[in-house]
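As recorded in Swiss-Prot, the features of this protein are as follows:
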- Ser28, Gly29, Ser30, Thr31, Asp83, Gly84, Ala85, Asp86, Lys96, Gly97, Gly98, Gly99, Lys123: substrate binding site (BINDING)
- Glu105: active site, proton acceptor (ACT_SITE)
Amino acid sequence: MTALRQKTLAAAAALDYIESGMTLGLGSGSTAEIFLRLLGEKIKDGLDVRGVPTSQRTAQIAAENGVPLIDVDHVNNIAITIDGADEVDGRFQLIKGGGACLLREKIIAHASDLMIVMVDESKLVATLGKFPLPVEVDRFGFSLTASQVYEALRRAGIKSPDVQLRRKGDGLEPLVTDGGNYILDCACEAIPDAGAVDRALKAIPGVVEHGLFINLARVVIVGEDGEARVMEL
């Protein structure tokens with residue numbers, strides 16, 4: 001079964017958690033976009049929800065599918081955030097940020113009563129780190145920050161991190177996030193202690209946020225061959 005089909009199964013299963021009257025955090029990325037299309041169909045059938053988008057792209061896809069949006073600063077409560085992930089381990093720790101939306105995704109996830117993560121089975125890992133860890137940094141002094149990120153990762157137990165500035169598709173200009181920052185992609189191979197990496201990176205002034213999501217996801221829905229497997233903490 002293709003990854004697309006598995007993502008669709010996971011997104012469809014996530015709809016079971018949605019009820020009328022909810023304000024939803026709307027994640028970013030390919031699986032989140034599938035969810036938005038399915039959510040739009042439910043809204044046409046009478047489901048009454050509104051969403052807080054975590055990226056300009058998500059806002060665009062939501063609007064195209066008839067999902068009502070509300071400004072994040074006009075929200076009192078976010079019931080559920082529904083998002084994808086680049087990696088998920090057995091403790092529901094995540095790596096996110098392949099789509100460069102990690103800061104806003106984390107803000108919304110932290111503000112939500114529940115975070116649901118939808119993935120295809122290829123995203124399940126025993127140990128985080130095969131997927132490069134994105135670190136969002138201020139553009140001012142980013143080269144200095146990159147050096148500090150490298151040293152922090154080594155102190156946190158990453159043997160040979162490779163820290164690279166993410167660039168646009170042309171490979172020339174640096175990619176700029178919706179918030180106006182740069183992304184450092186940190187190839188780690190394995191992250192034995194996500195908490196240590198979290199603490200080390202947060203101590204660097206130039207680091208805005210990083211793609212480790214710890215103690216946030218409480219439901220992981222995995223699209224597998226012919227079905228969706230729901231795991232809850």
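Yeah, the Cβs are placed from backbone N, Cα and C, and that goes for glycine too.
Location within the structure of each feature annotated in Swiss-Prot.
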residue: Ser28; record: substrate binding site; DSSP class: coil
residue: Asp83; record: substrate binding site; DSSP class: strand
residue: Lys96; record: substrate binding site; DSSP class: coil
residue: Glu105; record: active site, proton acceptor; DSSP class: helix
residue: Lys123; record: substrate binding site; DSSP class: helix
Neighbourhood of Ser28 (substrate binding site), C-beta criterion under 8 angstroms, separation at least six: Pro53, Thr54, Ser55, Arg57, Thr58, Asp83, Gly84, Gly99, Cys101, Arg104, Glu105
Cβ packing number for Glu105 (active site, proton acceptor), 10 Å threshold: 31
Additional residues surrounding substrate, by Cβ distance to the Ser28, Gly29, Ser30, Thr31, Asp83, Gly84, Ala85, Asp86, Lys96, Gly97, Gly98, Gly99, Lys123 centre under 8 Å: Gly27, Ala32
Long-range Cβ environment of Gly98 (substrate binding site), under 8 Å and at least 6 residues apart: Gly29, Asp86, Phe131, Pro134
Which of Ser30, Asp83, Ala85, Lys96, Lys123, the listed binding-site residues, has fewest other Cβ atoms within 10 Å: Ser30
Pairwise Cα distance maximum in Å, substrate-binding residues per record: Ser28, Gly29, Ser30, Thr31, Asp83, Gly84, Ala85, Asp86, Lys96, Gly97, Gly98, Gly99, Lys123: 16
